[in-house]
Amino acid sequence: DRSSGPRVSDTELRVYKDPSKDELPLLPEELVQDSAKDVTYICPFIGPVRGSLTVTNYRLFFRCTDREPVFGLDLPLGGLSRVEKIGAASSRGDVSYGVVCKDMRNLRFVHKEPENSLKKSVFEVLMKFAFPVSNNMSLFAFEYKQVFPENGWKVYDPLAEYKRQGLPNESWRISKVNDHYELCDSYPATLFVPVTITDEELRRVSSFRAKGRIPVLSWIHPESQAAVVRASQTMVGQNGRRCKEDEKLLQAIMDANAQSHKLFIFDARPSVNAAANKMKGGGFESEDAYQNAELVFLDIHNIHVMRESLRKLKDVVYPNIEESHWLSNLESTHWLEHIKLILAGALRIADKVESGKTSVVVHCSDGWDRTPQLTSLALIMLDSHYRTIRGFQILLEKEWLSFGHRFQQRVGHGDKNHTDADRSPIFLQFIDCVWQMTRQFPAAFEFNEYFLITILDHLYSCLFGTFLCNSEQQRLKEEVPKRTVSLWSFVNSQLEEFVNPLYVHYPSHVLFPTVGIRHLQLWVSYYIRWNPRMRPQEPVHQRYKELLAKRAELQKRVEELQREAANRMASSSSERAGSPTRSITPVQTFV
Amino acid sequence: MLSLGSGGAKSTKPSFVSYVTPEEIKSEKDPPKQEKHPDLLPGEVEFCSANPILKYTQDDLSQRGVFGTLFCTNFRVTFISDEKPQEKTDKTFKNKLYGENDIPLMCVDHIYGVYDEKRKLITGGLVKNKYPSKMIIHCKDLRVFQFSLTFSKEEDAKKIFQGIAHHCLEEKSLKCVFAFSYMGTPSPGTDLSFCREMQWKQETVMFDSPEDWTQEMKRTKANCRLVTENENFELSQRLPKYFVIPLTIGDLFSYQGKGLPIWCWSHYSGCALFKASFPPVTQEDGDFQKHLDTMINAVAHNHLYSVKTEDLSESLPNIQDIQQSYNKFKQFFLIENSTDFWLSDVKWFSSLESSGWLDIIRQCLQKAVEVVECLEKDNTNVLITEEEGTDLCCVISSLAQIMLDPYYRTLMGFQSLVQKEWVAGCHAFLDRCNHLHQKDKEVIIACSFLPVSSDAILQPEKSPLAQSGPLSCPTVWDWSVQFDSKAQNFFFNPLYLEKVKHDRAVRKPHKPKHQRNLSLPSTAFKTPPKKGFFKDETDSLKKMLRVKRLSRWRGSPDAPTATTREFFESWQHRPLDYHGLLLPCLDGPAVHIWMQRYLRWIPEVYILGGGSVAVMTKLMELLSQVQDLKRVLEQRDSSQAAKLDHRPYFQHRLLSFDSSGRLSSSFPFAYTCYRSFKPIIPTGLMQSLMVTDSLASQEDEASSVVSFV
């Protein structure tokens, strides 16, 4: 039953077939906190609608009462970035509230102030429950206790994943140096490093790398043994500090790959910014210190530039689109240019590993924003496993969650401080890049667009524990895996919703996307999904599914007939040798 | 080594005289001294040739090339490589008449000569002087060829250059067009699919006989009059031999047919779409104005005395504007090297916008939707007019018909529509293609907005055969002339839902019977529309018509009238019926450029192993499996009435590829499928995004204090 599941609505307004029924779909442990009648929702697309507003500890629910068909708004409170009163009360006592959402929309309500001034208005209740962290309450994820057939916390087992890659081997070993997060509190416990480097040397390296994020292995090419290694910037500083152990480590990474006598270091930043970091003690690998290494800057901008770019994009797409300047407005947001730069960076990394058989080290400043964008995209290009539904989950668990992308800071779960400069749509940008790749290679990914949108919706919803906290260490400390449900429990319990019907599994295919702006598109069904006019004209995937169903049905009928025929032949064995059952090539089913 | 990122890839101007010196070529060339000649088509004559000519390969950053011989014939410019043809690349979609290195003369758009590193547009006058070191040919189908002439003998080079320039650029008479010399006929019985091909050909209605028009009137239940008086073009040279007009028009012979409303299509409610040539009327010309009013009156009489007229030259950009926009637009695709590509990539969206092309497309579609609204919602007759009546009228009427009539979304239907509205409809192809070169694209582009409903997804370039095709020549619809049956498979959209009644399995959603009726609540058949009931009194009629003409249709193209918006939205709220009305979404983000048409020759945008062909492969595989299974069932289950599938058999194995050779996204147009499997790394990224505000220099981390509660 879909209505009871934690599905985030994909269109703004849900239409209810039976308005007489109370259709507020409460989740386990979800409790109504307050509700108010006579609230007006100022819909930017159809104008003002009157109805009732309900606030639970998980969601905001608006149900219109004055229209046919009856419809409603249903959104998780985690998606709210800001709730505020707009202006003073009008002469009639109406107060206007603005709700800014993290998912590219703004809502506006008009409501009468309660006459009894002691009673809290529904919007004050909303403000309290929308930002539980700021109000010393726990996130709904810690309350939600739905049980799913599969436990999503078991999806990622680091040792199993590295084993799939053939690790450990003669060149790479597991290090226990970070078992208790002492070396680096934002790194995972399981680290893979070259066998020739001791734990003691790693400790020295950690003091030379920002936040102790030493170069460790992310992925290894099954044939060439070229490795993708991730790190943070070196703490070179103005004086040009060096670190013998760090130099030795990079040499060891190079030596672990017999195919190449070179190492590429990809610094995600623009060179100007990398150089500016020297003033603050950071910097990048100098060519004197690192023989045989070539440093390449990828010109990707920082979190603040990205945040600003998305803000501009929202201005351009919501609520109304200026028809005559749509393209130049889109260009002025630079959003797709940033996407292009990230994809181009990942492409260069994948090219060096695949075509050049060379190992690469990837870092930015701290190695937790641009670095996971680049490594995980390069991995998707290189390794078809990460293009499956489960493989993609593993990729996120590994490159983003275990390696400490600061989800709490970047998203600001339950935090009312919407101006926090640490917020930035880094993960959204990555998912957008993945979407661009699925557009270019429509048959190469096992998952569909809805899967990506679901991940983004639950990035904000705070229903699942997956994207809470900033690091593996924090998640363990908060007992997130014990106290919350994983998003993958939900996803893997209804996989058929997320499957790309046209998926073809080619095990060894490397994907090199085309990164020109000409081939990039704005992800309309995410960024402009609230605009009813932009709804897809035709559900093509529905046709694909029908086709697959048709094939399955015919297959079944053919098999039945074959069985019948076989039976008949067996029963009348004396008959002349009839035409043998024409063998049907077994048809693979991907669904 | 420290390289500064993408800045390290310098944007050097490619210098083409590079890897091979002429001496080297000579020595290489000597052993296989055999003359090569193109396989001439019947009626094709070779004019001149030169060897060795270096043809630059476009898909390679190294700017290398291939040596070979360049020919000029009365049909094409063609290049034959000296190198042995490589491993046969995927030629599934091969054009039998001309290949990768053939440029039909009619397809040449511009020729540039490079003289001492300077590029000059070649016009008649320049030809007589010296010949350039390099010749760049821009084609109308947006291919770009670059030939170096420096390696061959001076007189040869001069001759071939002058020959090509002469035959491509000089004015010539219609009789010189190759279609008149072409003697080719498809050899019958070559393969089994021939019968089917014949069937296709026969199904395309040519609209060159009274029967075709009668049949079409019958199909749409039109109540109009067929005019045969123009059989010998006595009435007007600008009108078709046969055409259809409203019943009440008696006088055919005044004003050379100007103002005569030509019937296009009838809605099932009885109202119809007409088009007419309305020259601008001056104040003094009262008689002519009266004539036009009579004509409008006649249209109104067709159904319920209501008509809406629309002067397209007033509400849409004129053909000069459109041509100008297209000229600007097409420059974005005539890309000679990789550096240019990446430089222009940065400002892609704003340059696209500044060309105005997509906006024109949108305006045309918008206008067509308005026409559809009148017919479908108001059940009002529509008369669209412009000065000639054969340019924008054709665009709008054919677009409206595609939206309204599912028949025109089938391959045969689409071909018939082009015949009806464009060929028989007297669109000036000869003028427009040579000088304006413009109109037919509009229709083609428009079709891409209905990609799944339109069968004509792979509308290939038309050869000059058709562009000037008098009826004695083979018509372009006989695709077997150009493509073998396998390649013709690609014309079909595998997802197209045929309107089949007996097959319940595929289409679960039940369809009501009156399908065309489904999309909107149209006013009942005999109820007069709210605004359009007129008494049969000419004076008041005229007055009211005039009022209508001024008020209803004056919407600026930028702001579609609120009612049209409403019309779209109410359509959108109904369940989609593939065999009913289809309306395009015209909001900015929904209108895209047609990548496969415009970018197909540019290697930088090829996606190896991706693109729509990847979906196509999978779909064809699925469909052929379904067909196989059906066939087996039919054989087994003789009791089942063997309803043969009329659709072409999808030979998916043609497309299935093993892991070594992946198709490129521009399949079937790009011939270089097996190019080195290397990604295309953009250059010049540094210029692309200079964020100069303070944000860029801010520290990555605002604070390192972690607070998790």
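Yeah, the Cβs are placed from backbone N, Cα and C, and that goes for glycine too.
For A:Cys364 (active site, phosphocysteine intermediate), the same-chain residues 6+ apart in sequence whose C-beta sits under 8 angstroms from its C-beta are A:Ser232, A:Gln233, A:Asp267, A:Ala268, A:Arg269, A:Ile300, A:Arg370, A:Thr371. TrEMBL lists A:Cys364 with the feature active site, phosphocysteine intermediate.
The Cβ of A:Trp368 (substrate binding site) has A:Ser186, A:Arg213, A:Ser232, A:Phe403, A:Gly404, A:His405, A:Arg406 as same-chain neighbours under 8 Å, each 6 or more residues away in sequence. DSSP classifies A:Trp368 (substrate binding site) as coil under the three-state reduction. Residues or ranges marked as substrate binding site in TrEMBL: A:Asn277, A:Lys278, A:Met279, A:Lys280, A:Asn302, A:Ile303, A:Cys364, A:Ser365, A:Asp366, A:Gly367, A:Trp368, A:Asp369, A:Arg370.
Residues annotated as compositional bias 'Polar residues' in TrEMBL: A:569-591.
Residues belonging to the domain 'Myotubularin phosphatase' (A:152-527) score a mean pLDDT of 95 in the model. What TrEMBL records for A:152-527 is domain 'Myotubularin phosphatase'.
Residues or ranges marked as domain 'Tyrosine specific protein phosphatases' by TrEMBL: A:333-380. Note: the domain 'Tyrosine specific protein phosphatases' (A:333-380) comprises 32 helix, 5 strand, 11 coil (DSSP; helix = H, G, I, strand = E, B).
Under the heading region 'Disordered', TrEMBL lists A:563-591.
In sequence order there is nothing to list: of A:Met279, A:Trp368, A:Arg370, none of the binding-site residues comes within a CB distance under 8 A of chain B. DSSP classifies A:Asn277 (substrate binding site) as helix under the three-state reduction. Within the same chain, residues at least 6 positions away in sequence whose Cβ sits under 8 Å from that of A:Asn302 (substrate binding site) are A:Arg269, A:Asn273, A:Ser365, A:Asp369. In the shown protein chains, 10 other C-beta atoms lie within 10 A of the C-beta of A:Met279 (substrate binding site). On its own chain, A:Asn277 (substrate binding site) has A:Gln233, A:Arg269, A:Gly283, A:Phe284, A:Ser365 as residues at least 6 apart in sequence with a Cβ closer than 8 Å to its own Cβ.
Less than 8 angstroms from the CB of A:Asp366 (substrate binding site) sit A:Ala210, A:Lys211, A:Arg213, A:Ser232, A:Gln233, each of them six or more residues away in the same chain.
Its Cβ placed at the centre, A:Arg370 (substrate binding site) has 30 other Cβ atoms within 10 Å.
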